[in-house]
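A.B. asks: Structure provided below as structure tokens; questions to follow.
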Amino acid sequence: MDLRPQPPCHGGGRRGARPVRQPSSLLARLRGPALLSLLDQGAVSGFGFLSGIAAARLVDMEAFGRFALVLIVASVAQAVHNALVTAPLMTLAGSARSPARYASAVVAGAVVLAAILALGVAGALSLYFAARGEAVPLDLVTAAGALTLAQNLQLTARRLLFVSDSGGAALVMDLSRAAAFPVAVAILWALGIPLDAVRLVDLLALTALAATLPVLVPRAVEPGRRTVAAAALRHWQMARWLLPVVLVTFGQEQLVWILAGASLGDEALGGLRAAQYLVGIVLLMLTATENVVPTGAGRAYDTGGEAALRAYLVGVTRRLGLPVGLLLVVMAVPADLWLRLVFGAPYVPYAPCLRWLALGVVFIFLRDMVGQIFRARRRTDVIFRAFAVSLPVSLALIQPLLARYGATGAAAAVAIGHGASLLALLAALARTKTPPATPAQSPSPRPEEGSPRC
């Protein structure tokens, strides 16, 4: 599935204008960065999916709920890290005057931020357990901090490898981590060491660090204060609207899971997380396009203006919409069957949660496609405002739905929140006037107006 903008037409020798043909050989396709991105995201998300299933099978439902809680809070920290470090990196790396010095500045900033976020996760979990009137599990809290540090460093290493055209190395790094975790679990099992949430989180952290350090250590050179300051300023200029989006989306999803765990117990949180793992198969497809679609949309807008941007995104939506919709139907209709087969009979009562979350993925897909328009226009502030408008909807619905419908109400609150943000973004798009195209962005003539069709 090629999600890149179509290449322009060029003159072709004595026979006149001919379209540029893309290499069709399998070898050429396998060397493409888009496929490497897809494979790497498949390795990362597939590992997350399989490790979650393994955790659910290896420990009881309550312990799995605690394991899920750690991953939820750590994912918030990773979203903050992505907004401040890795998302701007993907845009700014191509224009860096000295790629090596810029990479070293990114590594230095990433290490500091990852350490701060690790402490934040440990503190947040301590407050969570204290608020429930429980003793703070220091071993679990410490493991959660270590996992946060390790995963954020791994995310940074992955993005640095991709921007330096070393996607294959990123794939090797992520596959090595994915292979090391089950080996470590098998060793503990063979030694008769009992597995619980703490040991599973510890293993996730250790395998992430072991895979990441060989990539980051060679880049950990002194970048100079001026380089770090300049990189931080440029990152902040992009992140100042992305970071608030992280905060408002936290209120739409992760906060719901945390409140569900606090009010319904760890078992309910485990059931919700199991349902989320299954729809995560579809989210994998959407996440895998993140290294391709934003770049393609931005290139289409810069070279062809608003018309080219919309044509590109309509094409992407059509090509992705069918497989996404088909997978969601296959997942949602026999939801109880999938939960029983994958996680076991105790998770079957959470089938309605899976159906609500599948509906939420539909909203996420459509929202992402609309959001690409504003990202290509460099108007991420509009995306933030759309999320900010929908946030009160989620906050108003969380407690009533939890109180009346339990875990199903929590899943419904998440889906409705995603739907509200989609509607808010569509309303913003309808209100926004199309920006006038600059000469460099003027749309090219349509095929019927004189240019050959590519």
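Glycine too: its Cβ is placed from the backbone N, Cα and C atoms.
Here's the feature list from TrEMBL:
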- 1-21: region 'Disordered' (REGION)
- 34-55: transmembrane segment (TRANSMEM)
- 67-90: transmembrane segment (TRANSMEM)
- 102-129: transmembrane segment (TRANSMEM)
- 167-191: transmembrane segment (TRANSMEM)
- 203-221: transmembrane segment (TRANSMEM)
- 241-262: transmembrane segment (TRANSMEM)
- 274-293: transmembrane segment (TRANSMEM)
- 320-341: transmembrane segment (TRANSMEM)
- 347-370: transmembrane segment (TRANSMEM)
- 382-403: transmembrane segment (TRANSMEM)
- 409-430: transmembrane segment (TRANSMEM)
- 434-454: region 'Disordered' (REGION)
- 436-445: compositional bias 'Pro residues' (COMPBIAS)
A.B. asks: Tell me if the transmembrane segment (102-129) touches the transmembrane segment (203-221). I count contact as 3 or more CB pairs below 8 A, with pairs 6 or more residues apart.
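C.D. replies: Between the transmembrane segment (203-221) and the transmembrane segment (102-129), contact is present.
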A.B. asks: Suppose I define contact as three or more CB-CB distances under 8 A, residues 6 or more apart in sequence; do the transmembrane segment (241-262) and the transmembrane segment (320-341) meet it?
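C.D. replies: When sequence-distant Cβ pairs are counted, the transmembrane segment (320-341) does not touch the transmembrane segment (241-262), since fewer than 3 lie under 8 Å.
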A.B. asks: Under an 8 Å Cβ to Cβ limit, what residues of the same chain, 6 or more beyond the ends of the transmembrane segment (34-55), are close to it?
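C.D. replies: Distant contacts of the transmembrane segment (34-55): 2-4, 64, 67-68, 71, 158, 162, 167-168, 170-171, 174-175, 177-178, 181-182, 185, 197, 200, 204, 273-274, 277, 280-281, 283-284, 287-288, 290-292, 342-343.
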A.B. asks: Go through 67-90, 274-293, 320-341 and flag the stretch with the largest number of C-beta pairs under 8 Å relative to the transmembrane segment (347-370).
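C.D. replies: Top-ranked stretch among 67-90, 274-293, 320-341: 320-341.
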A.B. asks: So are the transmembrane segment (102-129) and the transmembrane segment (67-90) touching or not, going by 3+ C-beta pairs under 8 A with a sequence gap of 6 or more?
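C.D. replies: Answer yes: the transmembrane segment (102-129) meets the transmembrane segment (67-90) with 3 or more Cβ pairs below 8 Å.
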A.B. asks: Quick test of the contact rule: Cβ under 8 Å, at least six residues beyond the ends. What residues does that give for the transmembrane segment (167-191)?
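C.D. replies: Residues 33, 36-37, 39-40, 43-44, 46-47, 50-51, 54, 58, 154, 157-158, 161, 199-200, 203-204, 206-208, 210-212, 214-215.
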A.B. asks: When you scan the chain for residues with a C-beta under 8 Å from the transmembrane segment (274-293), skipping those not six or more beyond its ends, what do you find?
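C.D. replies: Residues 3-4, 33-34, 37-38, 41-42, 45-46, 48-49, 52-53, 56, 64, 90, 162, 316, 320, 323-324, 327-328, 331, 335, 338-339, 342-343, 347, 350-351, 353-354, 357-358, 360-361, 364-365, 368, 372, 411.
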A.B. asks: At a C-beta cut-off of under 8 Å, are there same-chain residues at least 6 beyond the transmembrane segment (67-90) that contact it? List them, or none.
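C.D. replies: Answer is 52, 55, 59, 106, 109-110, 113-114, 117-118, 120-121, 124-125, 128, 140, 143-144, 147-148, 151-152, 155-156, 159-160, 162-163, 197, 200-201, 234-236, 238-239, 242-243, 245-246, 249-250, 254, 257-258, 261, 266, 269-270, 272-273, 291, 294.
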